[in-house]
Amino acid sequence: MVHFTAEEKSTILSLWGKVNVEEAGGEALGRLLVVYPWTQRFFDSFGNLSSASAIMGNPKVKAHGKKVLTSFGEAVKNMDNLKGAFAKLSELHCDKLHVDPENFKLLGNVMVIILATHFGKEFTPDVQAAWQKLVSGVATALAHKYH
């Protein structure tokens, strides 16, 4: 279980309130698919993923990215119970979708990069440390149902 200090929680909540979920979600998933192309195999139904520009402009990538980041909002609301908050998604990704749990770590790291680019100087090392802790906790929670 991940333990967050009051300061870390405050830092995460403060920044999360400023995140444009639609924009950041689409960008995060798009970058994941570009930087780690083997992750594209889970998105065969998304159409054209042949180039970085095709991926970043793909409406299905943007829509699913928004969905992913919206569900990530559950982590922000449930920092003290990440495993519980992501139990159903963990089961889905393990039993039905067969997603390699390493991909959760990759997406979390891409999310941190997106936040850094969107918030610039506001994304201090302390802010990054809090967010890195959160995305790591989410990745662990999502991998929980894997055998």
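Cβ atoms are placed via backbone N, Cα and C, with glycine included.
Under the heading domain 'Globin', Swiss-Prot lists 3-147.
Sequence-distant neighbours of Ser14 (phosphoserine) (same chain, 6+ residues apart, CB-CB distance under 8 A): none. The phosphoserine feature in Swiss-Prot is assigned to Ser14 (among others); the stated evidence is similarity to another entry.
According to Swiss-Prot, the feature phosphoserine maps to Ser51 (among others), an assignment based on similarity to another entry. Counting every protein chain shown, 10 other Cβ atoms lie within 10 Å of the Cβ of Ser51 (phosphoserine).
Following the DSSP three-state reduction, the secondary structure of His64 (heme b binding site) is helix. What Swiss-Prot lists as heme b binding site is His64, His93, and the listing cites sequence analysis.
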Whole-number mean pLDDT, the domain 'Globin' (3-147), equals 87
Report, in whole Å, the straight Cα-to-Cα distance of His64 (heme b binding site) from Ser51 (phosphoserine). 18
